[in-house]
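Chemist: Quick one: the structure is below, and I'll ask about it shortly.
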Amino acid sequence: MEHHNLLIAFGLTLTAGLSTGIGGLLTYFSKQTNRSFLAFSLGLAAGVLLFVSFVEIFPESLRCFESAASPSKAFMYAIFSFFLGIVVMALIDMLFPHHVDVSDNADPESVQLKKRLKKMSLLIALAVTLHNIPEGIAMFTIGVSDYRLAFPILLAIIIHNVPIGLSISAPMYHATGNRRKALLLTLAAGLSTPMGAFLAWLFILPYWSPMLEGIVLGAVSATMVYIAIDELIPTAHHYGKGLFSKIGLISGMALVAIAILLMGE
């Protein structure tokens, strides 16, 4: 395992984590989000994740298993790893849901409401932190395996993290009137992504093998599909007309396809 791949993988996860702060920065400049652009962006992220998962990551998982087992067993292992990832994500989603709709109609003079908003912001940050740790593990393991696969995923995660960051910072800002505190809380939640990478480096890499890589990549593929279907696509439809989210979805797939062609794969 090459040393520069480790550095690139850590850099990618740090960038992904810090991108959550972009949502926090939005509290400095605007109070409202362009719903059509947000719908397009979330659709774009979903398209990137779905295309990368099925065209790049899952086939790579299968290739890893094929290097260590017969073709029939390799396919069975890859399928098992994929649905294992689905089950894990579903359990995390059930235990730590973070689908919260932030409203701009809150009365800023209500003390009780400010307390509720502050509590909401902290709970969202905690849930996002718990979601970001496996995301960091996924990003890191992909970056170590082949960092070229991680760049389109990084783009999707950045797009995904901006509204997530806003969902953390907006209630905290409305509750405290302190933009800096809102931004710092957002960044703290985002930094759980490189924390996941650090955990992967400590506990996964010493035991790295083609079989383990296949399991991780299969589960990662499922994770990306789950995020796209469970979070990105429904939220895109919620924030704008279906047309914008569909255009974004197709555009995201097209961008990854073009990137793959340009990389000569």
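Any Cβ shown, glycine's included, is placed from N, Cα and C.
Just so you know, TrEMBL annotations are computer predictions that nobody has curated.
As listed in TrEMBL for this protein:
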- 6-29: transmembrane segment (TRANSMEM)
- 36-55: transmembrane segment (TRANSMEM)
- 75-96: transmembrane segment (TRANSMEM)
- 122-143: transmembrane segment (TRANSMEM)
- 149-170: transmembrane segment (TRANSMEM)
- 182-208: transmembrane segment (TRANSMEM)
- 214-233: transmembrane segment (TRANSMEM)
- 245-264: transmembrane segment (TRANSMEM)
Chemist: Thinking of Cβ pairs under 8 Å, which stretch from 75-96, 122-143, 149-170, 182-208 has the most of them with the transmembrane segment (36-55)?
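Modeler: Top-ranked stretch among 75-96, 122-143, 149-170, 182-208: 149-170.
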Chemist: By Cβ distance under 8 Å, which residues at least 6 away from the ends of the transmembrane segment (182-208) in the same chain are close to it?
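Modeler: Here the qualifying positions are 1, 6, 9-10, 13-14, 16-21, 23-25, 27-28, 121-122, 124-126, 128-130, 132-141, 144, 161, 165, 168-170, 172-173, 176, 216.
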Chemist: Honestly, do the transmembrane segment (149-170) and the transmembrane segment (6-29) touch, with at least three Cβ pairs under 8 Å and pairs 6 or more apart in sequence?
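Modeler: In this chain the transmembrane segment (149-170) contacts the transmembrane segment (6-29) - 3 or more Cβ pairs sit under 8 Å.
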Chemist: If you count Cβ pairs under 8 Å, which stretch among 6-29, 122-143, 214-233, 245-264 touches the transmembrane segment (75-96) the most?
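Modeler: Per the Cβ count, the answer is 214-233.
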Chemist: State the non-local partners of the transmembrane segment (6-29) in its own chain: residues 6+ outside its ends, Cβ under 8 Å from one of its Cβ atoms.
Modeler: 128, 132, 135-136, 139-144, 147, 150-151, 154, 157-158, 161-170, 173, 179, 182-187, 189-194, 196-197, 201
